[in-house]
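What follows is a set of notes on a single structure, which appears directly below.
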Amino acid sequence: MPADLIAPSILSANFAKLGEEVDNVLASGADIVHFDVMDNHYVPNLTIGPLVCEALRKHGVTAPIDVHLMVKPVDRIIPDFAKAGATYITFHPEASEHVDRTLQLIRDSGCKSGLVFNPATPLTYLDYVLEKVDMILLMSVNPGFGGQSFIPSALDKLREVREIIDDSGLDIRLEIDGGVKVDNIAEIKAAGADTFVSGSGLFGYGRDSDPNRYDSIVGEMRRALAGVDR
Ligand SMILES: O=C(CO)[C@H](O)[C@H](O)COP(=O)(O)O
Ligand SMILES: [Fe+2]
């Protein structure tokens, strides 16, 4: 069974001291850094690019960096993120002209590849490309902003994807993104997720981040996860 990975979304971190924030949340026991890239075109918000990813690597971050691309077009930014130190690069299939080519480009760039599904995006995008996918990311909010509420239909979708992955016998992570908190993380794992993005639930969206709380929140998430089977 794949290990549970906690993936703080730095979208809700204090950007004025990002390196410190990432160090603190990783020291609290989080596993991978979720890096939200928004282009004010595919989604109505604008965030960070390869320079910031590279800066985190230069700062000394060695944990995997999970780049969630919410951009259109997709392909031209992939080599830049690979050079900047991305570990995973995931993208929304409807933002790519050629999904198979984009997945291949990510792997050829030396990164792990993933497809992201919005709440209303059908899973048929997985047909024919499953063998080129290292991660499936299900959105449990509509993309563009942190701090939104978990959309419950994502639980059924998780169960569906868990079955697809298990039936395939492939080594594919199943990540959930949006509205994940201490109080719902257990039922999300029970539905099949193994990688849990949490932004506002960890850093605190719209209020001051408090590094002293990261230990206790990551600890509470771990305890909640330990109590359920996938
Ligand atoms: O991709 C995202 C938004 O498009 C973010 O990763 C996501 O919303 C995480 O933030 P929160 O845990 O606050 O929902
Ligand atoms: Fe994300």
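Glycine is no exception: its Cβ is also placed from the backbone N, Cα and C atoms.
Automated prediction, rather than curation, is the source of TrEMBL annotations.
The shown structure was predicted, so the numbers you read here are calculated from the model rather than taken from an experiment.
For the divalent metal cation site, TrEMBL lists His34, Asp36, Asp177; matching the candidates His68, His92 against that entry yields His68. Among the candidates Ser9, Ser28, the one that TrEMBL lists alongside His68, Gly144, Phe145, Gly146, Gly147, Asp177, Gly178, Gly179, Gly199, Ser200 as binding substrate is Ser9. If you check the recorded positions Asp36, Gly144, Gly146, Gly179, Ser200 against His68 (divalent metal cation binding site), the ones with a Cα inside 10 Å of its Cα are Asp36.
Selection of the recorded positions Gly144, Gly146, Asp177, Gly179, Ser200 by a Cβ distance under 6 Å from ligand 2 yields, in sequence order, Asp177.
By neighbour count, meaning other C-beta atoms within 10 Å, the densest spot among the binding-site residues Ser9, Ser200 is Ser9. Note: the Cα of Gly179 (substrate binding site) and the Cα of His34 (divalent metal cation binding site) are spaced 14 Å from each other.
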